[in-house]
Amino acid sequence: MAKLTVKDLDLKGKKVLVRVDFNVPLKNGVITNDNRISAALPTIKYIIEHGGRAILFSHLGRVKEEADKEGKSLAPVAKNLAEKLGQEVIFPGSTRGAELEAAIDALEDGQVLLVENTRFEDIDGKKESKNDPELGKYWASLGEGIFVNDAFGTAHRAHASNVGISANVEKAVAGFLLENEIAYIKEAVEAPERPFVAILGGSKVSDKIGVIENLLEKADKVLIGGGMTYTFYKAQGIEIGNSLCEEDKLDVAKSLLEKSNGKLILPVDSKEANAFADYTEVKVTEGEAVDAGFLGLDIGPKSIAKFDEALTGAKTVVWNGPMGVFENPDFQEGTIGVMDAIVKQPGVKSIIGGGDSAAAAINLGRADKFSWISTGGGASMELLEGKELPGLAALTEK
């Protein structure tokens with residue numbers, strides 16, 4: 001990576017501003033999945049072990065008005081992080097002001113402070129999300145010219161807490177998580193060991209047009225599953241019953257198929273049901289066509305076998321988007337089958353592009369079998385699309 005990283009800095013005795021991604025799910029004030037907190041530990045530990053004073057910034061959820069602050073405080077995160085680090089995490093509970101500034105000034109080497117949810121600044125004019133220059137300058141002033149961005153999950157956004165701070169410090173560098181995310185995903189797409197197979201699922205073609213176009217140029221094969229299958233089917237005149245379809249994207253789907261030179265591989269059967277939720281009948285289609293009154297909710301067994309064959313010998317696999325409604329046990333076989341087909345390839349570099357795919361791997365017990373699971377759905381999608389990420393572009397060149 002051509003950007004400076006945290007290892008390039010002298011941290012001892014310095015107040016180090018760090019953007020992390022602690023946007024974790026909470027239920028009744030309890031964190032239900034703390035993977036993102038764990039993912040930030042190597043960078044935080046490196047800073048404090050090298051005598052730095054870590055000042056952490058993160059958002060949590062969306063906050064547009066005062067009422068949205070309920071249940072969005074980072075207080076539970078501070079507690080969880082303190083347990084993981086085995087030391088106190090100072091939490092003044094504010095995003096600005098005299099109390100926060102005093103707490104930062106009182107920090108000693110090796111201590112950690114967590115600023116309150118950066119999106120609390122969105123209540124008055126969306127200052128965080130719109131990268132308000134004064135807010136970025138203020139947050140930068142809390143440190144000593146050093147900023148570490150370790151929040152890959154927001155690297156595709158130009159916010160005050162990443163791009164704004166970067167613009168107002170002497171050195172803005174990548175943390176270990178951001179460095180690894182870029183290395184795995186970008187290198188997989190730009191310089192893959194071949195054969196390189198991409199697998200794209202999810203419900204909407206519209207979400208992945210740019211990704212499909214980029215990967216058709218870079219990959220040897222692009223496998224399509226999930227709800228967007230049926231837009232591709234209908235574009236070819238195949239019956240789809242009541243399946244999800246983006247009518248306004250039929251021409252796009254047809255165009256992608258025509259210019260794919262056979263690289264784009266679609267399912268050959270589906271698992272269908274007579275309703276999305278309160279269904280009374282589930283069956284496998286004879287072929288591609290979905291029966292009238294039914295909707296496709298997963299790829300079928302012939303498709304799993306076809307995708308297994310397409311993955312044979314693959315050395316690089318990037319997967320983004322489940323093959324079906326994996327949250328329902330009736331429609332998770334396709335996602336499980338494809339995951340198992342990926343991880344059984346000898347010496348394969350297997351990368352999951354965050355979001356629902358990551359949740360599927362974790363929930364279905366396959367997470368530890370993959371080379372890398374991204375912490376950022378939107379950011380990884382933009383990398384797969386070949387876009388430059390604002391949070392990365394703002395960092396200091398080596």
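Heads up, the Cβ atoms here are built off N, Cα and C, so glycines get one too.
These numbers come from a predicted model, not from an experiment.
The substrate binding site annotation in Swiss-Prot covers Asp21, Phe22, Asn23, Arg36, His59, Leu60, Gly61, Arg62, Arg119, Arg157. The secondary structure of Gly61 (substrate binding site), as reduced to three states from DSSP, is coil rather than helix or strand. Around Gly61 (substrate binding site), the same-chain residues at least 6 positions away in sequence with a Cβ under 8 Å from its Cβ are Asn23, Asp68, Lys72, Asn117, Arg119.
Residues or ranges marked as ATP binding site by Swiss-Prot: Lys208, Gly296, Glu327, Gly354, Gly355, Asp356, Ser357. DSSP gives Gly355 (ATP binding site) a helix state. Spatially close to Gly355 (ATP binding site) yet at least six residues away along the chain are Asn320, Gly321, Gly377, Gly378, Ser380, Met381, judged by Cβ distances under 8 angstroms.
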Notebook entry, point to check: Considering only the binding-site residues Lys208, Gly296, Glu327, Gly354, which residue has the minimal Cα-Cα separation from His59 (substrate binding site)?
Noted result: Gly354
Item checked: Those residues of the chain, 6+ apart, with a Cβ under 8 Å from that of Asp21 (substrate binding site) -> Arg36, Ala39, Ala40, Ser58, Asp150, Ala151, Phe152, Gly153, Thr154, Thr375, Gly376
Margin query: Suppose we draw a 10 Å sphere around the Cβ of Gly354 (ATP binding site). How many other Cβ atoms does it contain, all chains included?
Written below: 22
Note to self: Given a separation of at least six residues and a C-beta threshold under 8 Å, show me what packs close to Glu327 (ATP binding site) in the same chain.
What the structure shows: Asn363
Check: For Asp356 (ATP binding site), what is the tally of other C-beta atoms lying within 10 angstroms of its C-beta?
Finding: 21
